[in-house]
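Just below is one structure, and these are the notes that go with it.
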Amino acid sequence: MIVLLLFALLWMVEGVFSQLHYTVQEEQEHGTFVGNIAEDLGLDITKLSARGFQTVPNSRTPYLDLNLETGVLYVNEKIDREQICKQSPSCVLHLEVFLENPLELFQVEIEVLDINDNPPSFPEPDLTVEISESATPGTRFPLESAFDPDVGTNSLRDYEITPNSYFSLDVQTQGDGNRFAELVLEKPLDREQQAVHRYVLTAVDGGGGGGVGEGGGGGGGAGLPPQQQRTGTALLTIRVLDSNDNVPAFDQPVYTVSLPENSPPGTLVIQLNATDPDEGQNGEVVYSFSSHISPRARELFGLSPRTGRLEVSGELDYEESPVYQVYVQAKDLGPNAVPAHCKVLVRVLDANDNAPEISFSTVKEAVSEGAAPGTVVALFSVTDRDSEENGQVQCELLGDVPFRLKSSFKNYYTIVTEAPLDREAGDSYTLTVVARDRGEPALSTSKSIQVQVSDVNDNAPRFSQPVYDVYVTENNVPGAYIYAVSATDRDEGANAQLAYSILECQIQGMSVFTYVSINSENGYLYALRSFDYEQLKDFSFQVEARDAGSPQALAGNATVNILIVDQNDNAPAIVAPLPGRNGTPAREVLPRSAEPGYLLTRVAAVDADDGENARLTYSIVRGNEMNLFRMDWRTGELRTARRVPAKRDPQRPYELVIEVRDHGQPPLSSTATLVVQLVDGAVEPQGGGGSGGGGSGEHQRPSRSGGGETSLDLTLILIIALGSVSFIFLLAMIVLAVRCQKEKKLNIYTCLASDCCLCCCCCGGGGSTCCGRQARARKKKLSKSDIMLVQSSNVPSNPAQVPIEESGGFGSHHHNQNYCYQVCLTPESAKTDLMFLKPCSPSRSTDTEHNPCGAIVTGYTDQQPDIISNGSILSNETKHQRAELSYLVDRPRRVNSSAFQEADIVSSKDSGHGDSEQGDSDHDATNRAQSAGMDLFSNCTEECKALGHSDRCWMPSFVPSDGRQAADYRSNLHVPGMDSVPDTEVFETPEAQPGAERSFSTFGKEKALHSTLERKELDGLLTNTRAPYKPPYLTRKRIC
């Protein structure tokens, strides 16, 4: 019979849990319907499988089974209530079911109803009771209790005895609900009349009240026949004994004792004491357990027969039973002893001896990093078998993890996400749950689970650098590997599988895919064509790395700059002079009367390459065996190195092979043949007048009508004029040098000896005004490091001028530019600075009383440490920088200046290959001497007449270049007698000669030792001085 009782108790604790209650009778057959869980919960049966309807594993029972598709709960095997729940008044089976999506948990209680399937039974089929004949009516004698495994109304209800006149039964109920019978003597016994009485003792249960048990209702068990009442019998034999007048007596009928559980065996429970006033054996009392004590109590307790000591003999467990009833009897040893009875009620005190237990019902193996906070990860329950505070459990989640515990229902908890997860920060978490009770001392249990974080495509690929500069040499092989870009993705799996590509763009009107390609797997870049630096120097494009993530792939970009590196793949092309129309060599005519330095032509070439690959060098490779011609290796100017031999046959032209070579690796070159035809006649003007020895630098083309005598006379006249001018120029130079040396002794050494300030300026007078100051320092030699040229800001309009001739490529130009110098001499230190002054006005002045440049020279001592420049005191920082400048100036210089090792000064010995010696020059200095003669002593004043010439008289004036910027800064300085000046130098005598005089000269070879201040040193020094104004020529010229 099946009884279905649906209490429909739906508990929705935070919307997760519900509870159902069913009843079923024991001993039902397999397949008996218990209830439809899905229907009772109002669930859609068609969606049970999709929502993952299932039972919690640790709540399953073999007695019941659940159809997961229909939600029907039925009996799987027969249920024996007495076997499952023993004597418990309530027998409930628990089943937990849940739905995964969304998570819903339901607790189902199935109460097993008892049926009257067990009759009462006595421990023994024959019971014997001995009663003294002296027993008085009303005396009670407890009988052995019957046992009925059924509970409730089906349990033992009553006892019956065969009707008689001597005895009756009084049924008593124990504290635990069990019933036992006491035999009551109704009238005195007479052993002599009847020594033995036999009756049938019957135990009757409560069956037969109806078809269902307590709380029965409609359902599967309706309509079953009522259950029959069951009985059990035993033969009761009463033996009448001889009388024993006194019965032992206990102090009290009931004793109550409390013991903590887990008390060790041998622990005293109580010391019982019963007294008997009789003497001898009739008064000697012995103790024993009563016949109706439970078997479990016999196992747990022990009683001493002689002393009445009741002690623990087993393990007490509060969780098994909180109370035990121990029945003890005492009787004397006399004949016909009548026992006395008492009850010991043992209450077991709970001890915190059970740690909490954690049981996980469901655990998700992986949770997505994109899961929202509050997502359920695991479900578990916690139980503690102890009671009260010892059974109250608290749970916590260890560690700093983005999860938290959420209490759901009774002792059920869920682990949910507390914050958004990031797999890149942690791809797995070990969650440790600790359950701790409130006992003293508290017990705890921990259990760990592993939760994996599944990846979400939330990271875009990133390149190792945002911009790649890739250098590719031109003329590369198409399809060659040029570079590899790389990107990384913090995701994993398909979300981190990258594919490289190039974004579409146009390069010179064509798609980038015609220039480069990329390997989509490894990011290798390949050139699809051979690059030409002359057509395309650089281009840029973007590469993209895209992952294979879903639902949406992410991408990252980087810029790639392809920089084409030039190769020397273009030979120089000669563009002038051009060959004839029929491919005949270019032709030039050379007057027989041409002077050395005559500009025959300028060879011009171009190179499509760049940098060193396009820097060209010109040379004569063949046809110049007599060294008649020389070629400027930089400009390509072809000039005569000496006069044409008079005996040269005009019909035999010179065939020169000109080579133009670049500086690439390997170098490439081109050649051209130039036919030079000798002609007689007058010389026509030719641009590019000689910077060599020619007087005015202008030569005449020959006149076809002129005769040989006119040419010969003109040559003789020029030779005589050149010799005369050279002699006069040399004589003037010697006189000037002697005068300068004398004035230097007078003006410099004397001033130093008197510790005065020496004022020298190439632009005007005033140099003697400061020499009148009194001397307070010791004499000191003047060294080159004691000279500093400084720029003057207050420049008047009448400086001295020195005209300088500068040679251009196609003519001669004269420029007048004047510079003022300030020579600062320091008597206290040999480290003095050399600085420029501003250029003076180009107008010429003869006023000897006025100082046009405003230049001053002051010596400084310990009391006056600063240098006065432009009317202001120089700072200490400037002094420090001046010391650094002096250090560089005083460094050991290279003997034989490297500047003269370049092919800047040419002579007739040069064949065009740079084989002339240093300082060689065949130039005529006639016109140069004439200019020098006009302005050479324009700086002298009235003081020079009285005291001798000072330094400013012989110091040369620097002349800047014309409006065009020169190709080389060394060509912007002019030294008389030299075609082009590679470097301006300072010459000084060795310091080993104590009597040697120091001078400031620019005339090339007059000193044995000379050194060059390199351009980089000068630029650095001038920058460190922090002058208020930096003229442009300081960055282009060298100084001595």
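Positions of Cβ are set from backbone N, Cα and C atoms, glycine also.
If you look up Swiss-Prot, you'll see 19-122 marked as domain 'Cadherin 1'. Per Swiss-Prot, the feature domain 'Cadherin 2' maps to 123-250. Marked as region 'Disordered' by Swiss-Prot: 207-228, 686-708, 899-927. Swiss-Prot lists Asn273, Asn557 with the feature N-linked glycosylation site, giving sequence analysis as the kind of evidence. Feature annotation from Swiss-Prot assigns domain 'Cadherin 5' to 464-574; the stated evidence is sequence analysis. According to Swiss-Prot, the feature transmembrane segment maps to 716-736, an assignment based on sequence analysis.
The Cβ of Asn273 (N-linked glycosylation site) has Phe250, Asp251, Gly308 as same-chain neighbours under 8 Å, each 6 or more residues away in sequence. In the three-state DSSP scheme, Asn273 (N-linked glycosylation site) falls into the coil class. DSSP states for the domain 'Cadherin 1' (19-122), grouped as helix (H, G, I), strand (E, B) and coil, give 15 helix, 39 strand, 50 coil.
Cβ neighbours of Asn557 (N-linked glycosylation site) (same chain, under 8 Å, six or more residues apart in sequence): Phe463, Leu503, Gln542, Val543, Glu544, Ala545. Secondary structure from DSSP puts Asn557 (N-linked glycosylation site) in a beta strand.
Per-class residue totals from DSSP over the domain 'Cadherin 2' (123-250), listed helix then strand then coil: 3 helix, 54 strand, 71 coil. Across the domain 'Cadherin 5' (464-574), DSSP helix (H, G, I), strand (E, B) and coil residues number 7 helix, 52 strand, 52 coil. Note on the domain 'Cadherin 2' (123-250): mean pLDDT across this stretch is 82.
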